[in-house]
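Beneath this line is the structure, given in structure tokens, with notes to follow.
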Amino acid sequence: MAGGGFGAASGGGDVEAKIMPPVIISFIMTASGGLMIGYDVGISGGVTSMPHFLKELFPVVYKKTQDPGLESNYCKYNNQGLQLFTSSLYLAALISTFFASYMTRALGRKLTMFVAGILSMAGTVFNAAAVNLAMLIIGRILLGCGVGFANRVVLLFHSEIAPTRIRGALYTLFRLNNAIGILFANLINYRTNKITEGYGWRVSLGLAAIPACLLTVGSLIVADTPNSLIEPGKLEEGKAVLKRIRGVDNVDPEFLEIVEASHVAKEMKHPFRNLLKRRNRPQLVIAIWMQIFQQFTGINAIMFYAPVLFHTLGLKSDASLYSVVITGAVNVLSTIVSIYFVDRAGRRVLLLEASFQMFQCQLVVAIIMGHNLKDHSNNLDHGLAILVVFMVCSFVFSFGWSLGPLGWLIPSEMLPLEAHSACQSVAVCTNMLFTFIIAQAFLSMLCNMKFGIFLFFTFWVFVMTTFVVVLIPETKGVPIEEMTERVLKQHWFWERYFEDNPKGKLHALNYLTSSYLDLKLRISSLIFERALTKCSDALFSWIALFPMKIIPATSHAFYSFSISFINSVVKAVLNCM
């Protein structure tokens, strides 16, 4: 998954500090939080392809997978309930992120992590014991709430506990453990699928309790962060905790920095309105679109439904799960590669090279499937099936060392301190929203668009490449406090958002583009503000009914638009074969 989020901006220079036991526990909690999120992301795809799981909870889908001539090869898994099993986690995570943001301020980081662990364990119990779809969805919603809370608080906790010099390492550890959690889920699915008694899927879903339990126990052991004590005015307690976690008595510089940051945060009464100020517009646009590109280039469609996809290609159940294990291992390896190259090669170089590689991979998969996999016939031989698996792994590899981490890192580097928290929330919510859309719509899109779904992803890779070339500046080696002056104000397009009188310096086309963005963001802000302040009851009722009433219409409109847009491209590819 392209999940994760980014931590709080680092303040000032490094201070005197030792690596004390609370910091080591922070490492462990960061690892367990990353494993929990990664495992919950990776486990659903393998479970949805297990025959015993389908037979017990989705008998209609099971029947279609067992009868070769009953349904199109592309439509065997097309079922709204099956998609809801995967996507409901992300809808719940999206909504819970708002509550988590409030809870971290009101109740502290420690209690928020405890709640995240308890919700995840409760969700695990419901999933492992599920006897019907309702229990399954309730379990996934509880897991989603746990993921939303953990995603918000774990990185915030470690960024406030760890000395400045190792904050980057802890962020990388979180990302790496996301990938390891996905790999573990794939390995467990491969093993539990061999349990002939038919309860293997329950074991797969139930083992999610292990990282959730580690997070819960860890939250009971550690003290709350100095920031969470200083924010409500407990200055002496906060200073005492700061001395304990740093292992030194001279903590006055860092203590005063935290107090000042807390004071600034309290004075900011409308953080989202501040985010929409003209000078913060470039960072907001980049943060939102990087999250959209993460989903619409197809990574989570593969992470969620790779076993289903490989089974659609004709691979047996064990072979498809084994292929997913390979994909998960590639994801871990690519994250390690990213750690080495991100500060050496630069952000733009990694993004552009990976874009070219992802474009090729998606296009090759589309051509192979379009030429060999028809509705009721499959001409894919073993060699071509292996080639498709290789292309999928190549795509995952290129994403894992580029857009995966950089989709969070680049916006985080650009954000000014006063807009950081608000923009982080917007980015996380955008990511969760589009993750939910892809999870809920992918199998329906695969059924209706067939191999054209990969041309759809190819198109979005092209759009992302254009966006990077035109609008993403290089941020390697630039201090955060100098980012505006040295990067954004020097960029040919973004510089206009920092001019006192931009109208006199803009060409007509550029001015219209800028005005359009301003108008669009202002309208969105007005609608959002009015919905929250005057229509909260109706809004939450709409959210409650969204899975039951809106999802089918949204999914249909989504892939109908995609079909009409890409139809000409599909015909052109077929004519060239």
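Cβ atoms here come from the backbone N, Cα and C positions, even for glycine.
Database features, via TrEMBL:
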type	residues	note
DOMAIN	26-476	domain 'Major facilitator superfamily (MFS) profile'
TRANSMEM	82-104	transmembrane segment
TRANSMEM	111-131	transmembrane segment
TRANSMEM	137-157	transmembrane segment
TRANSMEM	169-188	transmembrane segment
TRANSMEM	200-223	transmembrane segment
TRANSMEM	284-308	transmembrane segment
TRANSMEM	320-342	transmembrane segment
TRANSMEM	349-371	transmembrane segment
TRANSMEM	383-410	transmembrane segment
TRANSMEM	422-445	transmembrane segment
TRANSMEM	451-472	transmembrane segment
Outside the transmembrane segment (137-157), six or more residues from its ends: residues with CB under 8 Å to it: 3-8, 26, 29-30, 33-34, 36-37, 40, 44, 84-86, 88-97, 99-101, 103-104, 109-110, 112-113, 115-128, 130, 170-171, 174, 205, 208, 212, 215, 225, 428, 432
Two-stretch contact, the transmembrane segment (320-342) and the transmembrane segment (169-188), at least three Cβ pairs under 8 Å: yes
Confidence summary for the domain 'Major facilitator superfamily (MFS) profile' (26-476), mean pLDDT rounded: 84
